[in-house]
Amino acid sequence: MSKRGRYDLDSIPQDPPYLQPGALVEIQPPEFGYESPWHTATIVQRATPISSNRFVVRFTHLFQDQKTGNRPLRMISLGDIRPHPPPQRPRKFENGDHADAYHNNSWWDGEIVQELMNGNYLFRFTSDYQWPKYVEFEVNQLRLHRTWFHGHWIPPLEASEIAVEEVQREEEPTKKTMEMEEYNERALVEVANDEDGPNRAWYAAIIVTPMGDKRYLIQYTTMRTDDNTGFFGKVMDTLHIRPRPPDIEVPDQFVMLDQVDAFYKGGWWKGVILKVLSDDSKYHVYLATHEEMEFKHSELRLHQDWIDGKWTKPSPGVHL
(Lines of atoms letter the chains of each structure in order from A and count residues from 1; the text may use other names and numbers.)
(Lines give C-alpha, C1' and ligand atoms only; values in the text may rest on other atoms or scores of the structure.)
Protein backbone atom coordinates (compact mmCIF):
# COMPACT_ATOMS: atom_id res chain seq x y z
CA MET A 1 0.00 0.00 0.00
CA SER A 2 1.31 3.50 -0.83
CA LYS A 3 1.95 6.30 1.64
CA ARG A 4 -1.44 7.77 0.75
CA GLY A 5 -3.15 4.63 1.99
CA ARG A 6 -4.14 3.30 -1.42
CA TYR A 7 -3.55 -0.25 -2.59
CA ASP A 8 -1.22 -0.98 -5.45
CA LEU A 9 -3.62 -2.48 -8.01
CA ASP A 10 -1.05 -5.12 -8.93
CA SER A 11 -1.03 -6.35 -5.33
CA ILE A 12 -4.79 -6.88 -5.10
CA PRO A 13 -5.59 -10.58 -5.60
CA GLN A 14 -7.66 -11.38 -8.66
CA ASP A 15 -10.30 -13.73 -7.35
CA PRO A 16 -11.46 -16.64 -9.54
CA PRO A 17 -15.08 -16.66 -10.78
CA TYR A 18 -16.34 -18.82 -7.93
CA LEU A 19 -15.27 -16.16 -5.40
CA GLN A 20 -16.93 -13.24 -7.15
CA PRO A 21 -19.94 -11.53 -5.48
CA GLY A 22 -23.11 -13.51 -6.08
CA ALA A 23 -21.31 -16.78 -6.81
CA LEU A 24 -22.77 -19.94 -5.31
CA VAL A 25 -20.27 -21.81 -3.12
CA GLU A 26 -20.05 -24.47 -0.44
CA ILE A 27 -18.58 -23.62 2.96
CA GLN A 28 -17.48 -25.61 5.98
CA PRO A 29 -17.61 -23.35 9.07
CA PRO A 30 -14.61 -24.11 11.32
CA GLU A 31 -16.66 -24.01 14.52
CA PHE A 32 -18.44 -27.19 13.39
CA GLY A 33 -15.16 -29.13 13.21
CA TYR A 34 -13.61 -31.25 10.49
CA GLU A 35 -16.64 -33.56 10.43
CA SER A 36 -18.92 -30.68 9.51
CA PRO A 37 -21.08 -31.01 6.40
CA TRP A 38 -20.72 -28.59 3.50
CA HIS A 39 -23.34 -25.83 3.44
CA THR A 40 -24.49 -23.88 0.40
CA ALA A 41 -23.91 -20.11 0.51
CA THR A 42 -23.41 -17.11 -1.76
CA ILE A 43 -20.41 -14.80 -1.85
CA VAL A 44 -21.30 -11.26 -0.78
CA GLN A 45 -17.86 -9.66 -1.02
CA ARG A 46 -14.21 -10.06 -0.11
CA ALA A 47 -13.61 -8.93 3.46
CA THR A 48 -11.15 -6.23 4.47
CA PRO A 49 -8.30 -6.07 4.96
CA ILE A 50 -7.77 -7.85 1.65
CA SER A 51 -4.73 -9.66 3.06
CA SER A 52 -6.95 -11.55 5.52
CA ASN A 53 -8.16 -13.87 2.72
CA ARG A 54 -11.66 -13.93 4.16
CA PHE A 55 -15.02 -13.51 2.49
CA VAL A 56 -18.42 -12.32 3.60
CA VAL A 57 -21.01 -15.00 2.73
CA ARG A 58 -24.70 -15.61 3.29
CA PHE A 59 -26.13 -19.12 3.82
CA THR A 60 -28.86 -20.11 1.37
CA HIS A 61 -30.70 -22.54 3.67
CA LEU A 62 -29.42 -22.19 7.26
CA PHE A 63 -29.79 -19.69 10.09
CA GLN A 64 -32.90 -17.96 8.80
CA ASP A 65 -34.34 -15.41 11.23
CA GLN A 66 -37.78 -16.71 12.17
CA LYS A 67 -39.30 -13.20 12.33
CA THR A 68 -37.75 -11.39 9.36
CA GLY A 69 -36.88 -14.29 7.08
CA ASN A 70 -33.39 -12.83 6.62
CA ARG A 71 -30.17 -14.80 6.86
CA PRO A 72 -27.16 -13.32 8.65
CA LEU A 73 -23.82 -12.57 7.02
CA ARG A 74 -20.84 -14.70 8.02
CA MET A 75 -17.10 -14.17 7.68
CA ILE A 76 -15.42 -17.31 6.27
CA SER A 77 -11.76 -17.96 5.51
CA LEU A 78 -10.75 -18.89 1.97
CA GLY A 79 -9.62 -22.34 3.12
CA ASP A 80 -13.20 -23.15 4.19
CA ILE A 81 -14.75 -22.20 0.84
CA ARG A 82 -14.95 -24.22 -2.35
CA PRO A 83 -16.96 -23.91 -5.58
CA HIS A 84 -20.47 -25.28 -5.68
CA PRO A 85 -20.17 -28.44 -7.83
CA PRO A 86 -22.43 -28.50 -10.87
CA PRO A 87 -25.48 -30.79 -10.57
CA GLN A 88 -24.58 -34.36 -11.40
CA ARG A 89 -26.50 -37.12 -13.12
CA PRO A 90 -27.76 -39.98 -10.92
CA ARG A 91 -25.16 -42.73 -10.90
CA LYS A 92 -24.82 -46.37 -9.95
CA PHE A 93 -23.03 -46.68 -6.61
CA GLU A 94 -21.11 -49.67 -5.34
CA ASN A 95 -20.90 -50.88 -1.76
CA GLY A 96 -18.10 -49.01 0.00
CA ASP A 97 -18.14 -45.98 -2.34
CA HIS A 98 -17.07 -42.75 -0.64
CA ALA A 99 -20.08 -40.47 -1.15
CA ASP A 100 -21.90 -37.35 0.07
CA ALA A 101 -25.58 -37.32 1.07
CA TYR A 102 -27.85 -34.27 0.97
CA HIS A 103 -29.46 -34.22 4.41
CA ASN A 104 -30.93 -31.37 6.46
CA ASN A 105 -29.98 -28.88 3.71
CA SER A 106 -26.29 -29.81 3.78
CA TRP A 107 -23.90 -32.30 2.15
CA TRP A 108 -22.59 -34.93 4.60
CA ASP A 109 -19.58 -37.19 4.13
CA GLY A 110 -20.08 -40.93 4.37
CA GLU A 111 -20.08 -44.34 2.72
CA ILE A 112 -22.49 -46.42 0.66
CA VAL A 113 -23.35 -49.50 2.70
CA GLN A 114 -25.58 -51.31 0.23
CA GLU A 115 -28.11 -50.88 -2.55
CA LEU A 116 -31.64 -51.70 -1.38
CA MET A 117 -34.32 -53.62 -3.22
CA ASN A 118 -36.25 -50.42 -4.02
CA GLY A 119 -33.24 -48.87 -5.79
CA ASN A 120 -32.32 -46.58 -2.89
CA TYR A 121 -29.06 -46.80 -0.95
CA LEU A 122 -28.26 -47.33 2.72
CA PHE A 123 -25.74 -44.64 3.68
CA ARG A 124 -23.47 -44.48 6.75
CA PHE A 125 -22.50 -41.01 8.00
CA THR A 126 -18.85 -40.45 8.89
CA SER A 127 -19.63 -37.76 11.48
CA ASP A 128 -20.27 -38.85 15.05
CA TYR A 129 -22.55 -35.82 15.42
CA GLN A 130 -25.10 -37.11 12.92
CA TRP A 131 -27.95 -39.20 14.25
CA PRO A 132 -29.23 -41.58 13.02
CA LYS A 133 -25.98 -43.08 11.79
CA TYR A 134 -27.51 -45.09 8.95
CA VAL A 135 -30.11 -43.53 6.64
CA GLU A 136 -31.73 -44.56 3.38
CA PHE A 137 -31.35 -42.09 0.48
CA GLU A 138 -32.64 -41.91 -3.05
CA VAL A 139 -29.94 -41.82 -5.71
CA ASN A 140 -30.66 -38.15 -6.54
CA GLN A 141 -29.75 -37.24 -2.94
CA LEU A 142 -26.27 -38.71 -3.31
CA ARG A 143 -23.10 -37.71 -5.11
CA LEU A 144 -19.60 -39.14 -5.33
CA HIS A 145 -17.35 -37.55 -2.70
CA ARG A 146 -14.80 -35.09 -4.08
CA THR A 147 -12.13 -32.85 -2.58
CA TRP A 148 -11.30 -29.35 -3.84
CA PHE A 149 -7.49 -29.15 -3.99
CA HIS A 150 -5.49 -26.31 -5.55
CA GLY A 151 -8.25 -25.34 -7.93
CA HIS A 152 -9.21 -28.85 -9.04
CA TRP A 153 -11.72 -31.50 -8.03
CA ILE A 154 -10.25 -34.83 -6.93
CA PRO A 155 -11.33 -37.16 -8.45
CA PRO A 156 -11.94 -35.02 -11.55
CA LEU A 157 -15.51 -34.18 -12.50
CA GLU A 158 -16.09 -35.55 -15.99
CA ALA A 159 -18.38 -33.77 -18.46
CA SER A 160 -20.49 -36.92 -18.81
CA GLU A 161 -21.35 -36.74 -15.08
CA ILE A 162 -22.86 -33.25 -15.21
CA ALA A 163 -26.65 -33.07 -15.38
CA VAL A 164 -28.49 -30.62 -17.58
CA GLU A 165 -30.92 -29.70 -14.81
CA GLU A 166 -30.44 -29.21 -11.09
CA VAL A 167 -30.53 -32.42 -9.06
CA GLN A 168 -33.65 -32.64 -6.94
CA ARG A 169 -32.92 -31.75 -3.33
CA GLU A 170 -34.84 -31.24 -0.16
CA GLU A 171 -37.07 -28.20 -0.56
CA GLU A 172 -36.21 -25.07 1.34
CA PRO A 173 -38.84 -24.47 3.99
CA THR A 174 -41.57 -22.13 2.81
CA LYS A 175 -42.60 -19.09 4.76
CA LYS A 176 -45.56 -21.03 6.09
CA THR A 177 -43.50 -23.93 7.40
CA MET A 178 -40.94 -21.55 8.92
CA GLU A 179 -43.63 -19.99 11.08
CA MET A 180 -43.63 -21.19 14.67
CA GLU A 181 -46.35 -23.55 15.83
CA GLU A 182 -49.02 -21.97 18.03
CA TYR A 183 -50.70 -23.87 20.86
CA ASN A 184 -53.96 -23.44 22.73
CA GLU A 185 -54.44 -23.78 26.47
CA ARG A 186 -54.69 -27.41 27.64
CA ALA A 187 -53.05 -28.65 24.41
CA LEU A 188 -51.11 -31.89 24.85
CA VAL A 189 -47.47 -31.44 23.79
CA GLU A 190 -43.95 -32.74 24.27
CA VAL A 191 -41.10 -30.52 25.44
CA ALA A 192 -37.31 -30.80 25.37
CA ASN A 193 -34.67 -29.39 27.70
CA ASP A 194 -31.41 -27.80 26.50
CA GLU A 195 -29.54 -29.38 29.40
CA ASP A 196 -30.10 -32.82 27.88
CA GLY A 197 -27.77 -31.86 24.99
CA PRO A 198 -28.25 -32.50 21.26
CA ASN A 199 -29.62 -36.00 21.88
CA ARG A 200 -32.26 -34.68 24.22
CA ALA A 201 -35.38 -36.49 25.35
CA TRP A 202 -38.96 -35.34 24.83
CA TYR A 203 -41.25 -35.14 27.87
CA ALA A 204 -45.05 -35.22 27.91
CA ALA A 205 -46.55 -31.89 29.01
CA ILE A 206 -49.63 -29.71 28.78
CA ILE A 207 -49.93 -26.05 27.76
CA VAL A 208 -51.08 -24.03 30.78
CA THR A 209 -51.21 -20.59 29.18
CA PRO A 210 -49.49 -18.52 26.45
CA MET A 211 -46.91 -16.05 27.81
CA GLY A 212 -46.41 -13.97 24.66
CA ASP A 213 -43.43 -13.76 22.29
CA LYS A 214 -43.89 -17.41 21.28
CA ARG A 215 -43.45 -18.63 24.84
CA TYR A 216 -45.74 -20.82 26.91
CA LEU A 217 -46.11 -21.88 30.51
CA ILE A 218 -46.15 -25.67 30.41
CA GLN A 219 -46.68 -28.33 33.04
CA TYR A 220 -44.95 -31.70 32.83
CA THR A 221 -47.19 -34.74 33.17
CA THR A 222 -44.46 -37.25 34.01
CA MET A 223 -42.08 -35.22 36.22
CA ARG A 224 -43.26 -34.48 39.76
CA THR A 225 -41.97 -31.86 42.21
CA ASP A 226 -39.45 -32.89 44.87
CA ASP A 227 -42.13 -32.94 47.56
CA ASN A 228 -44.38 -35.03 45.29
CA THR A 229 -47.27 -32.59 45.66
CA GLY A 230 -47.64 -31.84 41.96
CA PHE A 231 -45.93 -31.63 38.59
CA PHE A 232 -43.13 -29.30 37.52
CA GLY A 233 -44.02 -26.19 35.53
CA LYS A 234 -41.75 -24.16 33.25
CA VAL A 235 -41.81 -21.38 30.66
CA MET A 236 -40.60 -22.59 27.25
CA ASP A 237 -40.38 -21.20 23.74
CA THR A 238 -41.75 -22.95 20.67
CA LEU A 239 -38.29 -24.18 19.66
CA HIS A 240 -38.55 -26.61 22.57
CA ILE A 241 -42.21 -27.57 22.13
CA ARG A 242 -43.86 -29.89 19.64
CA PRO A 243 -47.30 -31.55 19.45
CA ARG A 244 -47.79 -35.01 20.87
CA PRO A 245 -46.95 -37.53 18.15
CA PRO A 246 -49.99 -39.32 16.73
CA ASP A 247 -50.77 -42.80 17.95
CA ILE A 248 -49.55 -45.34 15.42
CA GLU A 249 -49.80 -49.08 15.60
CA VAL A 250 -46.97 -50.65 17.56
CA PRO A 251 -45.86 -54.04 16.19
CA ASP A 252 -46.35 -57.11 18.34
CA GLN A 253 -42.58 -57.49 18.21
CA PHE A 254 -39.85 -55.08 17.20
CA VAL A 255 -37.02 -56.33 15.02
CA MET A 256 -33.33 -55.48 14.84
CA LEU A 257 -32.54 -51.95 13.61
CA ASP A 258 -36.08 -50.63 14.18
CA GLN A 259 -35.93 -46.96 15.14
CA VAL A 260 -37.75 -46.44 18.41
CA ASP A 261 -38.24 -44.06 21.32
CA ALA A 262 -37.54 -45.54 24.74
CA PHE A 263 -39.29 -44.27 27.88
CA TYR A 264 -36.59 -43.56 30.46
CA LYS A 265 -36.49 -41.16 33.43
CA GLY A 266 -39.82 -39.66 32.47
CA GLY A 267 -38.93 -38.86 28.84
CA TRP A 268 -38.79 -40.44 25.40
CA TRP A 269 -35.22 -41.02 24.14
CA LYS A 270 -34.55 -42.00 20.54
CA GLY A 271 -32.68 -45.22 19.86
CA VAL A 272 -32.41 -48.32 17.71
CA ILE A 273 -33.11 -51.99 18.46
CA LEU A 274 -29.81 -53.86 18.68
CA LYS A 275 -31.02 -57.22 19.92
CA VAL A 276 -34.30 -59.05 20.50
CA LEU A 277 -34.04 -61.05 23.73
CA SER A 278 -35.18 -64.64 24.02
CA ASP A 279 -38.60 -63.96 25.60
CA ASP A 280 -39.51 -61.57 22.73
CA SER A 281 -40.79 -58.93 25.16
CA LYS A 282 -37.45 -57.28 26.00
CA TYR A 283 -34.87 -55.59 23.81
CA HIS A 284 -31.38 -54.18 23.91
CA VAL A 285 -31.64 -50.58 22.64
CA TYR A 286 -28.75 -48.36 21.61
CA LEU A 287 -29.75 -44.82 22.62
CA ALA A 288 -28.68 -41.60 20.91
CA THR A 289 -26.76 -40.84 24.12
CA HIS A 290 -24.43 -43.72 23.08
CA GLU A 291 -25.73 -45.93 25.92
CA GLU A 292 -27.00 -49.49 25.48
CA MET A 293 -29.89 -50.41 27.77
CA GLU A 294 -32.57 -53.06 28.15
CA PHE A 295 -36.24 -52.11 27.73
CA LYS A 296 -39.58 -53.88 27.87
CA HIS A 297 -41.86 -53.87 24.84
CA SER A 298 -44.29 -51.59 26.73
CA GLU A 299 -41.53 -48.99 27.21
CA LEU A 300 -40.97 -48.51 23.48
CA ARG A 301 -42.76 -46.72 20.66
CA LEU A 302 -41.94 -46.32 16.99
CA HIS A 303 -39.85 -43.21 16.36
CA GLN A 304 -41.42 -40.26 14.52
CA ASP A 305 -39.88 -36.90 13.53
CA TRP A 306 -41.57 -33.49 13.65
CA ILE A 307 -40.32 -31.77 10.47
CA ASP A 308 -41.71 -28.57 8.93
CA GLY A 309 -44.98 -28.88 10.83
CA LYS A 310 -45.60 -32.53 9.94
CA TRP A 311 -45.00 -35.88 11.61
CA THR A 312 -42.93 -38.27 9.51
CA LYS A 313 -41.97 -41.89 10.06
CA PRO A 314 -38.59 -43.32 9.03
CA SER A 315 -38.86 -45.08 5.69
CA PRO A 316 -38.37 -48.85 5.58
CA GLY A 317 -34.66 -49.60 5.48
CA VAL A 318 -33.69 -46.41 7.34
CA HIS A 319 -31.51 -47.30 10.29
CA LEU A 320 -29.13 -45.74 12.75
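Glycine is no exception: its Cβ is also placed from the backbone N, Cα and C atoms.
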Of the residue ranges 1-21, 169-189, 211-231, 295-315, the one that TrEMBL records as region 'Disordered': 1-21
Averaged pLDDT score, the domain 'Agenet' (252-308): 87
